[in-house]
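Pulled from Swiss-Prot:
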DOMAIN    5-274  domain 'CN hydrolase'
ACT_SITE  E45  active site, proton acceptor
ACT_SITE  K127  active site, proton donor
ACT_SITE  C161  active site, nucleophile
Amino acid sequence: MDTTFKAAAVQAEPVWMDAAATADKTVTLVAKAAAAGAQLVAFPELWIPGYPGFMLTHNQTETLPFIIKYRKQAIAADGPEIEKIRCAAQEHNIALSFGYSERAGRTLYMSQMLIDADGITKIRRRKLKPTRFERELFGEGDGSDLQVAQTSVGRVGALNCAENLQSLNKFALAAEGEQIHISAWPFTLGSPVLVGDSIGAINQVYAAETGTFVLMSTQVVGPTGIAAFEIEDRYNPNQYLGGGYARIYGPDMQLKSKSLSPTEEGIVYAEIDLSMLEAAKYSLDPTGHYSRPDVFSVSINRQRQPAVSEVIDSNGDEDPRAACEPDEGDREVVISTAIGVLPRYCGHS
């Protein structure tokens, strides 16, 4: 495998609370990145159907109409929006990662998916712990969501937003041999920790600590976002415009890409040379020769944690309550075909 390739990070505005339209925009941006020669492109946290910014601007009672609308736009991990994006990856021969609001049963999750250049899903994960007000809207992931996968460009891992601050998250992915890290964020507004320069520093440190290239992607809030969140008459809308801060950093903490203005939509690119990781790991390998397992050890429970575990009646008798079971849409179903399967709608059975 070639050790050099071109990577891309998206800074763009989703079609707020419209999953189908945002999936279409994703396909357009994937084609644009591929045409520019990129072999891997990263999209922001909750890119589909957009980050729920109304949680920042409205009180709990006022958010309810927005929440109902938002929940209706959450998508399934094997839904048509996902298949459309997988087909785009295959058509343009480009690996990609994107965040989405996943509906599983009646619960939403802050999920990410990594699809390789052949259209095969390599990672399907959920944010381990939603941050602050996000917990009102989204459920939690578990240890099975700390994943690194071998792709056409190298070993890739992904985390959402403040997950990139959690030291043990970083350690877990580094221990799996992560080479390229997808750092997906919302827009850089609403809190001191979400200031662009602060997030940039977080990702620079991630790159140095783990010896990886970091692709940082963010959303942008434009006039359509202001209208979607209905904040024109409540606040000075100018304070919420922008929020873009897409960057690509090397393991030496240096900026490898150009940068865009906070209000600008676009894609930033960088030439990645994985041979740089040899120097990085020579200098500092926190999960290898620079570790002290005799002093510190990390234990990770990677077992999935379903809300309900069923023990089937061993005598095989039919349960008369079966007719009263909820519909499939009312329970979380483990989708065994989500990983490692070619897109259904791209000429494959």
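Yeah, the Cβs are placed from backbone N, Cα and C, and that goes for glycine too.
Structure coloured by features recorded in Swiss-Prot.
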| residue | record | CB count, 10 Å |
| --- | --- | --- |
| E45 | active site, proton acceptor | 28 |
| K127 | active site, proton donor | 26 |
| C161 | active site, nucleophile | 25 |
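DSSP gives K127 (active site, proton donor) a coil state; it is part of no helix or strand.
The CA atom of the residue listed as 'active site, proton acceptor' is located 7 Å away from the CA atom of C161 (active site, nucleophile). Cα of the residue listed as 'active site, proton donor' to Cα of the residue listed as 'active site, nucleophile': a distance of 9 Å.
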